[in-house]
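What TrEMBL records for this protein:
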- B:12-32: transmembrane segment (TRANSMEM)
- B:39-58: transmembrane segment (TRANSMEM)
- B:64-88: transmembrane segment (TRANSMEM)
- B:100-123: transmembrane segment (TRANSMEM)
- B:143-164: transmembrane segment (TRANSMEM)
- B:193-218: transmembrane segment (TRANSMEM)
- B:230-257: transmembrane segment (TRANSMEM)
- B:269-287: transmembrane segment (TRANSMEM)
Amino acid sequence: MISKRNSKRSGMSRREVLAAGAGGVALAGFTPSLFSIAKAQTGTIKIGFPVPLTGPFGAEANDQVKAAEIAVKEFNDAGGFQGRMAELLVRDDKLNPGEAATRTLELIEKDKVNYVVGSLSAAVQLSINNVTKERGVIFNSISQSDAINEVKDWSKFTFHEALNPHMTAGAVGRYAFSKFGKKVVYLTADYAYGHEMVRGFESAGKPLGATTLADIRHPIGANDYSAFLPRIQSLRPDVLCICNFGRDQVNAVKQATEFGLKEKIKIVAPVLLYTARVAGGPEIFEGVVGGTSYYWRLEDTVPTAKAFNDKFRAANGGAVPSDYGALGYAGVRTVLTAAKTAGSTDTDKVVAAMRALKYDFYKGPQYYRDCDHQSVQSVLVIESKSKDMKDKNDVFSIVGVETPDEKNLRSCADLGHKA
Amino acid sequence: MSGLTLDLLLLQVVTGVALGSVFVLLAIGLSLIFGMLTIVNFAHGAFYMVGAYMGVFLYGLTKNFWICLVLVPLAVGSIGLVVERFLIRPLYGRNIDDPLLLTFGLGYVFIETIRILFGLNGIPFSTPAGLRGAVDIGIGHFPLYRLFLIGATGVLVLGLWLFIEKTKFGLIIRAGARDPEILKVLGIDVSKIWLLVFGMGTGIAGLSGILAAPLQAVTPEMGIPVLAEAFVVTVVGGMGSLIGAVTAGLMVGIVVAMTSLFMPEMAKVSIFLLMALVLLVRPQGLFGRAGLMG
């Protein structure tokens, strides 16, 4: 057989020679990329980390980087994975979906990252997710969105380490409507995230008998909310839900306080940021109730929170991690842990390991739900304080904790997943 | 809309006037500089932001809001003097774009400097002790600080008007805005006048900043959105016109307040719709002279 084939080979036609030559050239052309793939399997484990370092969420994004670096350092200090060290490749997405897509593509194509973790905006994370989904790269999002778990955006490579608006608004709503009253007015930033938060409040409020007096939608990025306040006052609600984020929230709360709204109305915010509270000051935020994934005082009751805070304090001159900052740690640590338990950096194996992960890295037990890879975790309800503060970082009291429970999430069927 | 009462409508008008006061403060500084120097000052929002930060900083030192109200415009105005003398002055006589680009870039330099000095996060500033809380004005409760703001704006506008209309220096300013050549022929050092007017304009921007600090988050980027609003007001009022800045500022404030009541999601767009409407009817703005830019 062999000799027969060889004899046939010797009589190669011109066409066959040309085809073989072309194949050879093509192979030569492929070699560098094959080589680099081989290298990626043995070199450092690279994690692409696109976050909005510049722009209005810069403070939170810089905190995300600091915390993510702790996860990387911890991993490397423990010897890495089979001698392979981890490396964080931070990119500024400028809070712009287009910029984020470009940076992510570069991270995947040029820097050959193994995984992508990051983002801090609903729109930006969806844009990153589009890129990673198409390229078959794991993306662990550390920003809130309801849409990313829905079938049209989700893929098996998509993980959502952050809470989503449904979970935070739900927890705050269940706490506030049963405690402060059932007549509710919403002041909502007029974009997807704002609308998602109102939907979360309303679905939590329904079984409690809460009624919506008005949903006032303001343009995003407004710096003066005074023109919305007289109407809110005249509607006489029990609870005012301020469904916006960051600086919009600081301005809205500041002006509501100025108009004396707090005397008769309880102000709640679905997501109450540590950084926004520090920037706004104690008097302005006094008594405002909100939800969060993490507050550093969790260390009083949760040992992993203490361990994480201590590492963060040691690396950052005594500063405590903020809520969104802590997500940087969790997001990176989960993918690295999954690679270790999978015994491979191969995407499919890491996906399987992440799906199987039961973890307690900084806030108590967590796991990713099978159908949509949403991290099932506790939601903290916090109240801003202006008295009895232990130190300048002691800005909230934890007034409620919703333990991890899938019933607080939208069901898999609601999201469009089959069974 | 349910629950619409006359009181609510009136309260909304008052809210609009208070909002308009901030616009007036921003626009008169901008208009003064343009009317006299024909410079479109894109760093105006940054001077306003520096005023707010300077206010927080000086308040921390003095613990006295009233002293800060005097010190801040002087300090920010001094920065303005330096900027005019060393950056703007070499560009006189050139195309209008050159100082525009310069001030645009300068704005970013200010923002970056503040980020380095005070961080990205923004810093707290609460309403000064004597001006906290809301008072009953007959139609409902209204924040005392915003009433103070309306009054302060009134005083500033009146003072500026008296200064420009009744003093010799004001006379020179008015003459300089019409024809700087003649002033030079009369032996007046126009460059000194321009220097002082630029300093005054930036000083007023700084004053607007500290006056706005109790109303909103003090952040490095706080001057960016207000710059757009200030330009709309100056354009509606007529570039370079003080009476225009005052009228248009109040008008824009009331339009925003009324839109917020009936069509809240349109609140931001309403400003630009108003500008488009005014420019369709009067391309030079309400009180502007035609062809000033040309």
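Here the Cβ of each residue, glycine as well, is placed from N, Cα and C on the backbone.
In TrEMBL, annotation is done automatically, which means it is predicted and not curated.
When Cβ distances are compared across the two stretches, the transmembrane segment (B:64-88) makes no contact with the transmembrane segment (B:230-257), since fewer than 3 pairs at least 6 residues apart fall below 8 angstroms. Counting residues 6+ beyond its ends, the transmembrane segment (B:100-123) has Cβ neighbours under 8 Å at 39-47, 49-50, 53, 56, 83, 87-88, 91, 217-223, 227 in the same chain. With Cβ pairs under 8 Å as the measure, the transmembrane segment (B:230-257) is packed most heavily against B:12-32, out of B:12-32, B:39-58, B:193-218. Three or more CB pairs closer than 8 A are found between the transmembrane segment (B:143-164) and the transmembrane segment (B:193-218), so contact between the two stretches is assigned (pairs 6 or more residues apart). Outside the transmembrane segment (B:12-32), and at least 6 residues removed from its termini, the chain residues within Cβ reach (under 8 Å) are 41, 44, 47-48, 137, 139, 142, 146-147, 149-150, 152-153, 156-157, 160, 197, 200-205, 207-208, 211-212, 215, 226, 229-231, 233-234, 237, 239-242, 244-246, 248-258, 260-261.
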